[in-house]
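Input: a single structure, listed below in structure tokens.
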Ligand SMILES: Nc1nc2c(ncn2[C@@H]2O[C@H](COP(=O)(O)OP(=O)(O)OP(=O)(O)O)[C@@H](O)[C@H]2O)c(=O)[nH]1
Ligand SMILES: [Mg+2]
């Protein structure tokens, strides 16, 4: 089961108490203080686990506690340090304070291990407190108390390109031909219920990651369909790829408009992200009619450079000043016949 948000309670270990003890041996009449120190309590860490891809295991167990330090003992014996614990989370998990929603750390690289709570320090035994005026201290420190925190884990996948489109437009099929991913594909809406990631290789050395998320529909921002909860998984992408389906009853211009609106309703940041457009399932149209559909759609974007049914955004003099309300490119594709799939890979790689 895919779980991308949970809250848990964590606690470090308490420090062990220092000991009060005096040396007692045959022939030694007044042995001095020899109470050992308590051990430190264990720390709590969080760590990226490359084999995990959901937070589901945290639904069962909600309390995580490191071990307490052991108390000190006589003969200056130190108490054992409490064992640390490490909470293993998938790459892309953000750790937030549950109450304030303050970001504590972002587990966005591998490998990564971060201290969340320090264990309490062990107390000093009475051996430490002997001095000129007090040769027999009966005092030892108690261990420092543990720390606790209620935290929230939020998984936000890390990908370079996020696919956005209505349900059943061929997003999963596209990721399966672009990348190594093998998601479920079927001819009904909401086949994809959880996000999929795929690695796309470009040439021998370059690769990037594409995320396929469940389809969004009109009113998704008000919670219709699967809602927009999954859009958070593409919040961190460098680029979006809008998948418009030419075989769908709703025409592609209206699909485009509504998707942009839903994106904007979710987050103006996401709506401002650079994006490309593919017209999917082009094989369902005759070549002439497909050409016409494409040409008609591209009229919405004046000054695009068109060659072999691929439209590229006009170069703006200052390359840094790009208008993100316009797509970087538009092209018809077919995952069934592989039409324009290689071109799409190249265009994505170029724009990342
Ligand atoms: N003819 C044709 N059919 C396609 C193409 N791509 C996908 N399909 C079909 O379209 C249907 C939906 O494909 P999916 O890849 O599951 O679509 P999706 O966008 O992931 O759908 P959801 O996960 O439900 O949002 C399947 O029956 C596919 O076989 C294509 O290029 N040409
Ligand atoms: Mg799908």
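Placement of Cβ uses the backbone N, Cα and C atoms for every residue, glycine included.
Here is what TrEMBL says about this protein:
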{"type": "BINDING", "residues": "165-172, 190-194, 212-215, 280-283, 334-336", "note": "GTP binding site"}
{"type": "BINDING", "residues": "172, 192", "note": "Mg(2+) binding site"}
{"type": "DOMAIN", "residues": "1-158", "note": "domain 'Obg'"}
{"type": "DOMAIN", "residues": "159-352", "note": "domain 'OBG-type G'"}
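Proximity to ligand 1 at the level of Cβ atoms, with a cut-off under 6 angstroms, picks out 281, 334 from the binding-site residues 194, 281, 334. Only 171, 172, 191, 192, in sequence order, out of the binding-site residues 171, 172, 191, 192, 194 have a CB under 6 Å from ligand 2.
Rounded to a whole value, the Cα-Cα separation of residue 214 (GTP binding site) and residue 172 (Mg(2+) binding site) is 9 Å.
With all protein chains in the displayed structure included, the most crowded Cβ environment within 10 Å among the binding-site residues 171, 281 is that of 171.
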